[in-house]
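Read the structure below first, then the notes.
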């Protein structure tokens, strides 16, 4: 159980909030974007408190003025400590998911305050016409009413910062809809360390287990951002091209959606759709046979393997397009993937078509052994003929993640290499490098922005601009839209 401290100052018959909720026992930095001015701070080393100096703002009831990015601090089953201006300490136990809120250690003093506040002449002389939003005549001197009042104040705060109805988040009949599940839509303090890096770096995975369990029941309606963990309505996400509107993170996009985004409607002609993988080396696996994994991936994605290839028109320009799908066994490159890409390049060479390959892969497929590794050389060989002999134009688009054998072969052979923002691009993963070299890999060194600065990429292009950029590049290289008379 995590324990955190925050302070209240009881004075002048009113309640003044003096200290924002600290992130943990080891972190006492103030929370940003609070409506209270921050004049001076006092650090109490005896009790590990981060105390605040004089404030000019007073509040008539217990409103927790923490910023929305620290809602995560109110985790289920959490104990906080409160102390008043007389240094009297109280423990407050929160279990928002199970609707528990308890006050201990000197409760009577806290109750006296609420009773005296309710009975003060300031409140008794107040007329209803004052329309004070903080006035609540329901406050009484009992533990039950005190708890309910603070509960309602906390709940009102959550509702003002989270725009998701709680009945979407729980199917329990006993779940109180007045409580918002506190882990949804919160933001990490390190989402945006710089303008060029929005990748979450400081999040305990165990804190998010319940989030994932909840969203699994509603995955046909909602999807959760991998970066800020906000819940996003699937239909709205598709309109945003799978870009999280909360943090700008680029979520993975299926190969079918990518084709729909890039190719003009009604012009897509798929190739080699009936080509499927077998188990050429009889790969042995204790967990799941290779053929079973292929079958389950086919049922999950509706694809025969991890790449779709074909021809179509991009703003009227005929192109050959191959799109890898990470949802199919991590986009791994086996014999079928290599063969389909090879045939696509050969067809583009014969028909003098510009070529686009969209990469999203974890590398060579280990279940096929050396057969998967030889695909690197096979694809590179036909690309050499396409680029060097025929002088045709190949654009490589790297999405997150692009690693392993794909990076080491056709991923980095494009005449123009384009990456999506914040894409993870590497040959070997961070963990492999650190275990092999016994050296730490600098944070962000394998991100697209870092590779662009090092000269390994030509451009980083957002999804909404990609089709227009490709059109201009093709026209620059003398590939123009078909005339209306030429379109069949």
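Every residue, even glycine, has its Cβ placed from backbone N, Cα and C.
For reference, Swiss-Prot has these:
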BINDING   225, 228, 244, 247  Zn(2+) binding site
DOMAIN    221-488  domain 'CoA carboxyltransferase N-terminal'
ZN_FING   225-247  zinc finger
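Swiss-Prot feature annotations superimposed on the structure.
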residue: 225; record: Zn(2+) binding site; Cβ neighbours (10 Å): 20
residue: 228; record: Zn(2+) binding site; Cβ neighbours (10 Å): 22
residue: 244; record: Zn(2+) binding site; Cβ neighbours (10 Å): 21
residue: 247; record: Zn(2+) binding site; Cβ neighbours (10 Å): 19
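Note on the domain 'CoA carboxyltransferase N-terminal' (221-488): mean pLDDT across this stretch is 92.
Under DSSP, residues within the zinc finger (225-247) fall into helix, strand and coil as 6 helix, 4 strand, 13 coil.
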